[in-house]
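Here is the structure we will look at, set down as structure tokens.
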Amino acid sequence: MHIKKLIIQGFKSYKDYTVIEPVSPHHNVIVGRNGSGKSNFFAAIRFVLGDDYTHLSREERQALLHEGPGSAVMSAYVEVTFENSDNRFPTGKGEVVLRRTIGLKKDEYSLDRKTVNKNEVINLLESAGFSRSNPYYIVPQGRVTSLTNAKDSERLELLKEVAGTQIYESRRAESNKIMTETVLKSEKIDELLEYIEERLHELEEEKNELAVYHKKDNERRCLEYAIYSREHDEINAVLDALEQDRTSTLQKNEIDSGAFIERETRIEQIKGEITELKNSVNLLRLEKQQNDEDYTNLIKSKAAVDLQFQQLLRQIEFSKEDETSKVEMLQSLESEIHDKESELTNIIPQYNEIISQVDLLNQQILSLQNQRRTILDKQSRISQFATREERDIWIKAQIEEISSSIKTQNQRIQELNIELENVSAALDAKAFRKQEIQSALSSRGELTAGAMAKVSSINEQKENLIDRRKELWREEAKLKSMTESIKDDLSQSEKSMSTTMDRNTSNGLKSVKEIAERLKLTGCYGPLCDLFSVDNRFKTAVEATAGNSLFHVVVDSDSTADQILQVMYKQNAGRVTFMPLNRLHPRPVSYPDASDALPLLNFLEYDTKYQPAFQQVFSKTIVCPSIEVASQYARSHQLNGITLSGDRSDKKGALSGGYRDYKNSRLDALKNVKKYQKRLVDIQTNLERVTTQIDSVDQEITICLNELQKAEFEFKQLERDHAPLNLEQVSITQEEAEVQGSHRRKVHDLHLAKLELQTSEQQLKDFEEELQSDMVEMDPRDMKRLKHLETQIEQLSVDYNDINTKRVEIESQKVNLEYQLNTNLYLRRDPLKVQLGMDNLVDESELSSVKKTLEKHEAKLHKLEDASQKLENQIQNLVNDLQAEEKEQETLEELQHEAAAKIEHESKVNERNAAKRSLLLARKKECNENIKSLGVLPEEAFVKYVSTSSNAIVKKLHKVNEALKEYGSVNKKAYEQYNNFTKQRDSLIARREELRRSQDSINELTMVLDQRKDEAIERTFKQVAKNFSEIFEKLVPAGRGELVMNKRSELSQSSEQENTMDIDNQAAQKSSIDNYTGVGIRVSFNSKDDEQLSIHQLSGGQKSLCALALIFAIQRCDPAPFNILDECDANLDAQYRSALASMVKEMSKTSQFICTTFRPEMVKAADTFYGVMFNHKVSTVETISKDEAMKFVEG
């Protein structure tokens, strides 16, 4: 272990913060000019180690503080850091930091930055080897000189101190002191025992007299007990009566209080209802005013529409006169068209039937002709071909040719079908377009009327939308008025709620909500009071239980709370308490299984994810019917009991309760705030909806106006499109006739193509059959069949010519009728039909529209009248309700005044009863104390005077008291004193024996201490003497030195003759240490054989060298972890300084040395060098090189 670092500040000349490091564990030298502060450096180390700086006064502490220019230093400290790798300081750490700090009023130590007391520091230093009996590990200036000039007796005392005899002497003095005290105590015990024996003899006589007194006194106490007991019973009876009255009064007051609270709640409810009724009346009156204004405006509008309606009626009457002639012409055309259409209808079936007959006959003729040709061709090929093979070749060629022809014919039929379909489609298109034109012309009036109706409908829709917008405007104004009213109510409710908490909490809750919304924190659930609902019966209990915890903010985790708190801290936005659910772990609670103790938590409705927060606040509270029951459960189950009225019994025994102002209920205030917030949100939602509807209606009105413009344009367009339709109708009729002719031709061509196909197919069949047959002559059957075929063909040809003639006639009639209808009659009828009624139709449509508008205005007027009457009735009903509510409020307030007066009266009665009860309780306590003062009573005291009257008891008590007066001087404590003195006597005898044993032990200890002291001095002297000889020989190699013990002569104790002995002779003698008179020094500097000289015969330098040798000898007996030498080589010659430096160099290998010097010899032997500078009365220390140190000591 060694000093590793030193820090000084404010100590003596070291004003500034000064650090000395690194300090070598071997040999360190400090150089500096006189007065620079070298000695103060050593004084700082001695100051920390407690050497020569103990029990400082205020003036001494002031002297240690730096004094100089500038600000005054009020405190100073010195800190030493020890290297403790060898664990010499038993702290278990590699470094130990010891600091001592002083000020004008303090002086304290700290070890490793922790404050410790001085004794702990001393014990720690002694455990590390810093012995108080050997202070020579620090050698300040002057100590070498004082040891040089010391007498032999002083050196003997030094040797005793090194040997530790001071401890022995102090312990021996303590033992002697204890011995003296023991003798004194023994003498005092003997005196007390003599006095106790005398006093016990006197108490024997007093005991007999006391026995008679006790008999009389027992009688007195029995009588007094009877009196006090009767008084006690009477007081209890009165107290019971008062308690019964109090209980009944309390029960009645509880009922009255409940009624009072109910009335108060009803009054508050009525006030709210009155406010709402007034708001409703104002809104209805505003609505009625708007309704009346609409009624007035509608009357004016109706008058204008009525005027327009009358004008249209007159216009229609003028238009009807021109319609008669057109109707007659139309009727004539309709009749002629009907005749032509009937004639055409009769011809068409005949025409179709004849066409069918013609086609059938034509098909039969062709079939017969094909059969005849087949027979003839077959007969002709017999003469045409010589062999069957030739015939077959020719037939196959014919078959191939016919097959190709059939394919061509099929393609032709397909083409004709397609062409026929195209013609049919064109015909249908012409017919459809003709029908469209006819419909357009015939429905022109309807279209025009429809267009007019559409215009009227759009106008009506526009009016409806405008009316709808007016209604929405009224509703918007109503909602805005309601919004302002509810905002006022909400503001008032929030102010009421703010009064239930401090301003910081109120601001904090607002800030939490804003911050959570701004940061979008989903884990901030809001204050606890917002997260549950409870029945009104348990409202007071919940408020009393939770208190300010109602406003604690519940969050999901502490990280969420930390985010909000950081923002609140920056904004200085109030204070709140958070309840992070991840940190809440409430312990399970065991509730009593009883109907009169129910957990308050069971009556709360909340989300289960908030369970830890509600358990933290409410789980340890049960609801009880009364405070007495609550107190019982609080004691038995360690739970908080609470009543519905808010009276609370804490598990620690505290009771709280009393009157509560129900007007300032936190939950009611919160309920009102929530109610108005919800209403405000609903109304604002409705207002937004109405605003949106207004915007939507505005858009619809805009769209309606656009559609109205479009409808008016269509109406005008219909009027302009009549002439083009007539021209197109003529053109379409002509085109339709042409297409019909083309259709007839295509049908005829298709019929011929199909007949040709049938003929080809029959020929192909005949050739295929002939190919399978042989070449033979025609048989009779074929001849017969041929004749028959020719007969049939001839007959069918005659029939065909007759029918075809009829077809031509009927077809000519049909075409003529169609032409007349399409090109003449239809073209004359349709325009007339369209034109007929067209003018009146527009006027009538407009008239219908105006009439509808007029009817609508009349309906609106009736509706407004009904609405106005309905509003008037509603206003009257609300006014009646308002008057009823105000009357009920007045009645309830009168009842409240009466109840308050009654409560005040009952309160005064209760106060009087309470005062009476207090007096009775005081009297009862006095009786109890009187009974208690009687002490332990005999058994007869409880039954002896039960049946005796009070007067008789008082008389007997008087007689007994008179008798007791004769024993006024009796010693009432004779028995007790006798017993006490007996116990004291026995205790003193035992104590005397104990003191005698202690005296023997102390005598034995004194002898042992004397023996140990002699042995320690002898042992120390021998060790020091040996070390002195060795060290002196190292310092003075040519000389010799030794220590000698001076002793009184054994023949004459009165004279102090000093006998000189060597160490061996002294070791052989067994004389007492008290015979030693001093320690002398004998040295020779020039020879080991010359006669030695005493220290008084030496020069100053030689004396200093001897003193240093003695110091090092003492240090070698009890080596310290480090040594501090302050200019110890100042008085030595050069040769001895070199020897001293060499020895210090050698010793520094095992122990740290810190030396100051002005000599180069010590500098040369050192390892580390420090220079002390002094400037403006302030010392500083810096590490310097060896050359710099040598220059300083040599310069």
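Even glycines carry a Cβ here, placed using N, Cα and C.
Annotation comment: TrEMBL describes 186-287 (among others) as coiled coil.
Annotated coiled coil per TrEMBL: 399-426 (among others), in sequence order. Same-chain neighbours of the coiled coil (399-426): 739, 742-743, 746-747, 749-750, 753-754, 756-757, 760-761, 763-764, 767-768, 771, counting only residues six or more beyond its ends whose CB sits under 8 Å from a CB of the stretch.
Residues of the same chain lying 6 or more positions beyond the ends of the region 'Disordered' (484-506) and with a Cβ under 8 Å from any Cβ of it are 275, 279, 548, 551, 574-576, 664, 666, 669-670, 672-673, 676-677, 679-680, 683. The annotation region 'Disordered' is assigned in TrEMBL to 484-506.
Residues or ranges marked as compositional bias 'Polar residues' by TrEMBL: 493-506.
As annotated by TrEMBL, domain 'SMC hinge' applies to 522-634. DSSP labels the residues of the domain 'SMC hinge' (522-634) in these numbers: 59 helix, 21 strand, 33 coil.
If you look up TrEMBL, you'll see 673-721 (among others) marked as coiled coil. The predicted model assigns the coiled coil (673-721) a mean pLDDT of 82.
Under the heading coiled coil, TrEMBL lists 750-806 (among others).
Per TrEMBL, the feature coiled coil maps to 847-902 (among others).
When DSSP labels each residue, the compositional bias 'Polar residues' (493-506) comes out as 10 helix, 0 strand, 4 coil, counted as helix, strand and coil in that order.
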